[in-house]
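Pulled from TrEMBL:
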| type | residues | note |
| --- | --- | --- |
| COMPBIAS | 300-312 | compositional bias 'Low complexity' |
| COMPBIAS | 323-332 | compositional bias 'Basic and acidic residues' |
| REGION | 300-332 | region 'Disordered' |
| TRANSMEM | 75-97 | transmembrane segment |
| TRANSMEM | 117-140 | transmembrane segment |
| TRANSMEM | 175-200 | transmembrane segment |
| TRANSMEM | 212-230 | transmembrane segment |
| TRANSMEM | 237-256 | transmembrane segment |
| TRANSMEM | 276-295 | transmembrane segment |
| TRANSMEM | 336-358 | transmembrane segment |
| TRANSMEM | 378-402 | transmembrane segment |
Amino acid sequence: MSCLASCCVSATCGLCSSVASGITRKSARIAYCGLFGASLVVSWILRETSAPLLEKCSWINTSDSYTKEWYQQQAVLRVSLGNFLFFAIYALIMIGVKDQNDRRDSWHHGGWGLKMIVWFLLIVLMFFVPNVIVSFYGILSKFGAGAFLLVQVVLLLDATHNWNDSWVEKDERKWYIALLVISVVCYIATYAFSGILFMWFNPSGHDCGLNVFFIIMTMVLAFVFAIVALHPAVNGSLLPASVISVYCAYVCYTGLSSEPHDYVCNGLNRSKAVTASTLILGMLTTVLSVLYSALRAGSSTTFLSPPSSPRSGGEALLEDPEDGKKKNGEGEARPVSYSYSFFHIIFALASMYAAMLLSGWTDSSESATLIDVGWTSVWVKICTSWVTGALYIWTLIAPLILQDREFY
């Protein structure tokens with residue numbers, strides 16, 4: 001039996017070592033995304049199963065007034081806190097890394113066996129910290145989640161402008177027609193979807209002025225986007241305006257659907273099945289957003305690249321830094337292609353956002369079966385929509401206001 005156990009342990013260690021070495025040879029960004037995705041799965045599982053166990057922990061169960069929802073939030077927040085610390089520590093360590101000859105470059109791309117152990121230990125240790133620390137982290141996470149949404153807005157703006165520029169640069173009739181068709185379809189979808197929102201969130205016989213205001217603001221913003229983008233003095237295009245309009249309409253919907261289930265103006269049936277689908281969609285969106293942020297980090301022309309990095313659009317997003325060293329020689333200091341520190345900050349903020357999504361923004365007034373529901377979630381999403389619109393308009397008018405500055 002001991003021989004069999006030894007063989008199992010040896011095989012397990014060999015598998016882990018093989019996986020870790022395999023990650024080292026490829027882009028580390030995908031591996032970090034996988035680690036973040038694993039934290040979401042762990043949070044979801046513990047949210048549904050760990051409440052009875054947490055009730056037996058004397059350092060956590062310090063009051064008889066704690067409900068099942070509170071223990072579920074504790075499980076989510078503690079996993080998120082461990083994940084946040086892992087990426088935050090790495091963000092601090094990676095400050096100032098400018099070239100691949102820096103020893104910390106290998107820390108970022110290698111050592112995955114040790115990284116997984118540290119990540120696991122941090123999450124486990126968070127279940128032994130006092131409740132006051134977790135409560136403070138819960139408050140801090142609301143601001144961190146808002147910052148993460150803001151980062152996604154900036155990346156969305158960057159992506160839409162790059163999409164438009166890439167098609168315009170082809171300078172062919174078919175691409176101009178494609179731009180026009182997609183723009184028109186997006187605007188039709190925006191206003192058609194807004195009409196559906198009126199039917200869902202403005203039921204007859206009820207005073208739903210707040211919901212009507214949210215929907216009308218979304219429609220007005222979409223119209224303003226087109227007017228500003230097509231103004232002769234603005235070097236704009238209809239495609240980014242239409243894509244941002246669709247995004248704002250979607251965010252408005254997610255905000256309205258997060259209204260309390262007993263609110264008469266919420267026409268959606270907030271059943272457990274609907275809530276589970278909302279959670280899955282939210283988690284998938286979060287993972288895709290973080291994945292996009294990681295892949296864009298190697299080529300983004302916004303704030304993801306350090307001043308010394310090469311910003312050539314033709315560079316592959318997933319190029320292995322080890323290959324770059326071989327091409328340029330070990331002694332030559334080749335600049336890193338993206339900011340390692342900011343890369344980890346994105347994951348740290350995403351950990352906070354995921355915690356808010358899974359804990360209902362730490363609003364204990366809702367049922368445990370409802371996820372991402374409450375007025376806090378509503379206002380965060382609605383404000384995100386408005387900030388998105390404001391930032392997009394700013395990208396259009398900034399060159400006119402700040403004429404002495406150069407914009408890319």
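Note that Cβ sites are derived from N, Cα and C of the backbone, with glycine treated the same way.
Automated prediction, rather than curation, is the source of TrEMBL annotations.
Using a Cβ-Cβ cut-off under 8 Å and counting only residues 6 or more beyond its ends in the same chain, the transmembrane segment (212-230) has close neighbours at 187, 190-191, 194, 197-198, 201-202, 236-238, 240-242, 244-245, 248-249, 252, 255-256, 382, 385-386, 389, 392-393, 396-397.
For the transmembrane segment (378-402), the most Cβ-contacting stretch among 75-97, 117-140, 175-200, 237-256, 336-358 is 237-256 (pairs under 8 Å). Scored by C-beta pairs under 8 angstroms, the transmembrane segment (117-140) has its highest count with 75-97, from the stretches 75-97, 175-200, 237-256, 336-358. Recorded stretches compared: 75-97, 175-200, 237-256; the one with the most Cβ pairs under 8 Å to the transmembrane segment (336-358) is 75-97. Residues of the same chain lying 6 or more positions beyond the ends of the transmembrane segment (175-200) and with a Cβ under 8 Å from any Cβ of it are 164, 167-168, 212, 215, 218-219, 222, 226, 237-239, 241-243, 245-246, 248-250, 252-253, 256, 267-268.
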